[in-house]
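As recorded in TrEMBL:
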TRANSMEM  B:12-37  transmembrane segment
TRANSMEM  B:57-75  transmembrane segment
TRANSMEM  B:82-102  transmembrane segment
TRANSMEM  B:108-127  transmembrane segment
TRANSMEM  B:139-158  transmembrane segment
TRANSMEM  B:191-210  transmembrane segment
TRANSMEM  B:240-257  transmembrane segment
TRANSMEM  B:292-311  transmembrane segment
TRANSMEM  B:323-342  transmembrane segment
Amino acid sequence: MDYVIEMLDIRKEFPGIVANDNITLQLKKGEIHALLGENGAGKSTLMNVLFGLYQPEKGEIKVRGEKVRITSPNVANDLGIGMVHQHFMLVDTFTVTENIVLGMEPKNGINIDLKRAEREVQEISDRYGLKVDPRAKIADISVGMQQRVEILKTLYRGAEILIFDEPTAVLTPQEIKELIQIFRTLIAEGKSIILITHKLKEIIEVCDRVTVIRKGVGIDTLDVEGTTPTQLASLMVGREVTFKTDKTDSNPKHNVLEVTNLNVKDSRGVNAVKDLNLTVRAGEIVGIAGVDGNGQSELIEAITGLRKVTSGKIELNGKNLSSYKTRKITEAGVGHIPQDRHKHGLVLDFPIGDNMVLQTYYHKPYSKYSMLNNKEINKQAKKLIQEFDVRTPSEHTPARALSGGNQQKAIIGREVDRDPDLLIAAQPTRGLDVGAIEFIHKRLIEQRDNGKAVLLVSFELEEIINVSDRIAVIYDGSIIEIVDPKTTTEQELGLLMAGSKNKAGETENV
Amino acid sequence: MFSQFNRWQKILIPVISVILGLLVGAIVMLVSGYNPIEGYAALLSGSLGEGFYIGETVRQITPYIFAGLAVAFAFRTGLFNIGVEGQLLVGWVASVWVGLAFDLPKIIHLPMAVLAGAAAGALWAFVPGLLKAKLRVHEVIVTIMMNYIALHLCNYLVRYVISDEQNTTERVPESASLKSPFFETLTEFSTMHYGIFLALAAAIIYFVVLEKTTTGFELRSVGFNQHASEYAGMNVNRNIILSMVISGAFAGLGGAMEGLGTFGYGFIHGAFSGVGFDGIAVALLGGNVASGVILAAALFGILKQGALIMPLESGVPTELVEIVIAIIIFFVASSYIIAYLLQRLKKGAK
């Protein structure tokens, strides 16, 4: 068999844990090979071993049949292995070309031969259909385009084997389609691809084979043809998983959140939310569907008091919140699972226990006469850790040390436990694996069933359709349509999200 | 500072830094033709060998504790207070001023003078706090500039306002003095005063405020992550100002110790006292925790005091102690290297 890469019986230990326990991964030439596993299963560790960032304790790596020792990323580069990281490593103020040639600039005497570099970049870009402008500044191009610059970077360095770490996590549905097209071109040009992901649909759609790892152990490698998402999911999680979130019909009651003619400016002072109207009732989940950057973040920030309202009303149970500060809004009964859990959701250097009382520390019983009561705080933390299955060594562990899924469970536990009338969940399952997603969806529906109002913002259409009782489509700062998740399709939503309704001239705004 | 390291590393790293610093200092002594054992013996006997020296060392430690706490407090709450020197100077002059201006019973006068020092330091730090909170001006720049303003303002006040165009003010009366005849007799008439108790009390207050109160919870939270703190409904700007004010109050108290204790008067400073800047090193070495600051301040006090005696007893120049201190700071600052070596060692042992 013609393997370009063989990782045989790789074992990697960290103090206290075995991250990779005798994992074998064999990549055929010209295939797209998926590496599937839950968060913390050891996917990244394995790829970092291949990329020379970690040295394995045991096992061997063969590239094109030859045994090699990859001691640093430079060695990996020389062997033709390139990695497109989940978090891009680009200099914002440099142009595309400057970023690509960084570290191996073509010289013209002592000057950088930018002309030649631009030509070369243009050539590669054309060859693989990447459509990148070599002279554009990184800061000015979209996230999808930046990702292509990363791909170009590896190609420019002569990569034959490309590793993609969760490449679709940051992309819009359209960009994902384009990326998949790029994958196909790369394969046609003789490259091989390893795709790290936990999105099952993508695997079924583009991959040839898949290697599943679970808790550091290699479970199986199988051909994608003939497998189903359910089968892959249970291999990954180690138990049966249901995708269809079970829920009864909603039973909405009075209006909890009423947003009327809301206008909000973004950080650059441009109107991001324009005359937006939205109602969320008790006992229902309203999902906001939209392409990133159409005012979702600003809307949520306005509701939660993190951003000033230019004009319009935000009413919670009839009380106008639009001029309130965040704390008063929180106390009025708004829970918020923020989009960026590291930036807003957690103080990463605080123990997870302290994070559990981030908005309530000044209340009894967590403090009395301004003195913290650590016993009560830890008691509360223990309770939530148990109730929400947060896997952590103890409540004293810094939040930073927890995996993404467990961090998110901690935040959700904290927000749900405050028993808010309105729960705002912004991309609550971003970057999480099937098991955690299932858990979080159940909790959101549970809130709804308890008669709370839930506002869900997500870029995952599947999530929106599955979980919501009503879908509000946001485009260019306004809600342009309300659709029923039972009757709509991803296609219809995709078109609405692209603003097609507006273009058609129908002014049936809700 | 060391949040990425575990507990034993947090303790081990500064200890190893100190040992390495002393070792390198010994090598420097050897190379320059001095006997390091004699040198360090002189340093020790000069700082702890006699009652008098112990008294002087304790006196030296006192302002170091305050300066260290001031820097550490700001640091723990996400701010870099380089202005401790200036805050200390205004605290010094303010306490002396109140000491001289009033004639009150000691039970009122002394606390009033001490608190005046704290208030002056707090006020001096309030300015950079306000600028940071409202206009996002970086506190490092403002505090550095405020140091110079403090230096010259204090000199002006000493010469033209508090004294009659003299280089020093009069001594503060007994009712506002921290001087301790008891300690003085105990330590063969050193300048040791009651300030050390205030310093230790301040360290306890530091610990309680930062670790045990809701205010400290907010301050630490804002220091680590302003976005999450804002999300949680905390007033980020208020906390930035509060942090600077408390930090400045610690610094001002350190100045009051000098004004009411060590010297008992104010005088024209030709240059900075250096205590405020050493406070940065003390906080760094102490890992920004109260107990660490006390220990680091003690070490600095011993080194500084012993350095005065070293040239007399062993011929080793004072500058050498400065080198040792600098090397210790270097190793603390490069704690990553030590942590890395520790991990290597641990692996090797396994």
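Glycine residues also receive a Cβ, built from the backbone N, Cα and C atoms like all the rest.
Remember, TrEMBL labels are computer predictions, not curated facts.
Not measured: the values here are computed from a predicted model.
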Can you tell me which recorded stretch out of B:57-75, B:108-127, B:139-158, B:240-257 has the most Cβ pairs within less than 8 Å of the transmembrane segment (B:191-210)?
B:57-75
Dominant neighbour of the transmembrane segment (B:323-342) in B:12-37, B:57-75, B:240-257, B:292-311, by Cβ pairs under 8 Å:
B:12-37
Same chain, outside the transmembrane segment (B:82-102) by at least 6, Cβ under 8 Å from its Cβ: which residues?
63, 66-67, 70-71, 109, 112-114, 116-125, 128, 139-140, 142-144, 146-151, 153-154, 157-158, 161-162, 169-170, 172-173, 176-177, 247-248, 251-256, 258-260, 265-266, 269, 272-277, 279-280
For the transmembrane segment (B:108-127), which stretch among B:12-37, B:139-158, B:240-257, B:292-311 has the most Cβ pairs under 8 A?
B:240-257
What residues elsewhere in the chain lie close to the transmembrane segment (B:292-311), defined as a C-beta under 8 angstroms and at least 6 residues from its ends?
14, 18, 39, 42-48, 53, 56-58, 60-61, 64-65, 68-69, 72, 199-200, 203, 206, 278, 281-283, 285-286, 317-318, 320-322, 324-325
